[in-house]
Amino acid sequence: FSSSGRTQKQVLDYVKEGGHKKVQFERKHSKIHSIRSLTAQPSEQHTEVPKQVSDSSSFAHGGDNDAAAVQSCRQGKELKASTEDTGQHKSPSLKKSPKEGRKVDGAVVSTVEEEEEAAKDKMQQNRPQSQQPSTGSLTGSPHLSELSINSQGGPSVANMSLSPNLSPDAKQSSPLISPLLNDPSCIRTDEEEEVKRKRFPTEKAYFIAKEVATTERTYLKDLEVITSWFQSAVSKEDCMPETLKNLIFSNFEPLHKFHTGFLKEIEQRLALWEGRSNAHIKGDYQRIGDVMLKNIQSMKQLTVHLWKHDEILIELENGIKNSRKLETFCRDFELQKVCYLPLNTFLLRPLHRLMHYKQIMERLCKYYPPSHIDFRDSRAALAEVSEMVVQLHGNMIKMENFQKLHELKKDLIGIDNLVIPGREFIRLGSLSKLSGKGLQQRMFFLFNDILLYTSRGLTASNQFKVHGHLPLYGMTIEESEEEWGVPHCITLRGQHQSIVVAASTRSEMDKWTEDLQMAIDLSEKSSGPAPELLASSPPDNKSPDETTVDQESEDDLSASRTSLERQSPHRGNTTVHVCWHRNTSVSMIDFSIAVEHQLSGNLLRKFKNSNGWQKLWVVFTNFCMFFYKSHQDNHPLASLPLLGYSLTIPSEAENIHKDYVFKLHFKSHVYYFRAESEYTFERWMEVIRSATSSASRARALSHKEPHAY
């Protein structure tokens, strides 16, 4: 039991309940030695993270710690060993050493589309393939950098051998996937899942409480990006003034300390709820409201730190503006795989988390009848956190706009003063612009005073070059489909220039027209025309870049294939780039909804052409699913941006025949995900729908209304 990640009592309970009868195979003992050698080392990656009390259960009901993951992986391998012929045991996928897995882990974050393609190739070809990672295709990813460090915090040897400065010719010829995410030997059996499913609570309140725990784990990891990873990197470089260091870390460290204790309390309560304690006292612990009330009241003592977050964000951006050294340092840190979102997004996480507590407590209070033992504490906790949200909400809205302007500034070149007082971001997205050369794809950025249009040219920095701008003051919008013979087409007439643009669909054009008209009305009420914006962009009809629009395929979400040779790396999978490739748009309201719709937890994933289900820890945030092997991992192994994807339920013809399964598809890419319960299934559907069906302004303002699946 010492190597299984369970206590002796848990193993005895497991045996008493007949769990040991699941694996009734004679041949596994002859192969168990080699299998253990494969699974023993990966858990070393997480030795610095203490095992949590509530993690001894498996997939669907809380088996989240690394030891349990390794154990389930080991069981999967034993089951597979008993049913496969001996020839397959020699395939590279089962012979990978943990060091190889860590090498991939330390160098590449793949997109799931590429994993899917590789899985497809693997099924079509029966010959062995090397699983060594390629570094050629994904180096536009923000997670690939020579500054990357491994999970122990030291220099990563893997990154030295897979340096982004390698020429494309030096890359490996194998499929660009993470073996850790695609190892068929870790696919769990359905019988194993059903046994686990029957052993744990099924009431909705339990799963609501469990959502508190799973999302708190992600929140704590996000805090550690600042308090651990960023602070460690800052301490090694003399690039940040002491006053700024003190401002950031003195306000984040108390939050990290508090939420570490909070998570421990929640997980201990879940362990009691699940019955991993004395049965006669179990009934007193099947609730979460008392724990939430106690900790939310304690959080009120920390609001002094939350009020400082706007100052932190402003001072950091001012420091970056005034110091080239700090700017380079922050850009390089963002390229590390642990910084899976823009750096300044992590600075707003504490404000966002309060909203999540409020939503969770609202669901709990709605579920409980007034006579329930937990109702009173839950309602009191909801009142307390609602008061904090109201106090900080205005500050958060202001900071989100400030953060978004600075994030967009990094994606654009040819701009002097994008961030000015009073400017508000409204919508960004891909539209086709009519010119002398026909319709050409352009990226448009709408603010409350100006409309920018840009192209993704053959620039070394992977940014969007501004071609021109139209002040909204005095602008008119005209329908012009008949005039130009182009579907979903409008003419924007400014005081000095007019342009003709077309959207990919009628709904996209309706969203643009709605937001443009609103912004024009706002600009008419303001003091007058916007200040001069551009640095030195030539007039649109003479722009030398008009014919150099980069016609990359939509699947290449991680920037150009020659990005290994870049002198100035830049995040290649931002929302702007995803909108460009998926030919869609998002608004500031969509971003605000996305902040509210964040979720973490275990899901089982299946590709369209694969046979088994694979257990993954999934974090959904910023319109994107991030995939981890375990919740203890410090960075994602792959990601799937969901803008443009469709969310549906599998049809009978797809032969899934499992409960709580949803389907994501975009063009030829199809993925199935399986949740643990009806509640978690509905929650995943709810949050993913917020990203896959970008709303119009009218619908977004009432986004809490129920939707049909």
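Just so it is clear, glycine is given a Cβ too, placed from its N, Cα and C backbone atoms.
According to TrEMBL, the region 'Disordered' annotation covers 22-185, 526-570. The compositional bias 'Basic and acidic residues' feature in TrEMBL is assigned to 75-88. Annotation source TrEMBL lists compositional bias 'Polar residues' at 125-176. Here TrEMBL flags 204-395 as domain 'DH'. Under the heading domain 'PH', TrEMBL lists 424-521, 596-693. The compositional bias 'Acidic residues' annotation in TrEMBL covers 547-557.
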Review point. For the domain 'PH' (424-521), DSSP counts of helix, strand and coil?
Key: 20 helix, 49 strand, 29 coil
Exercise for review: Could you put numbers on the helix, strand and coil content of the domain 'PH' (596-693), residue by residue per DSSP?
Suggested key: 19 helix, 42 strand, 37 coil
Practice item. Summarise the model confidence on the domain 'DH' (204-395) as a single mean pLDDT, whole number. Key: 93
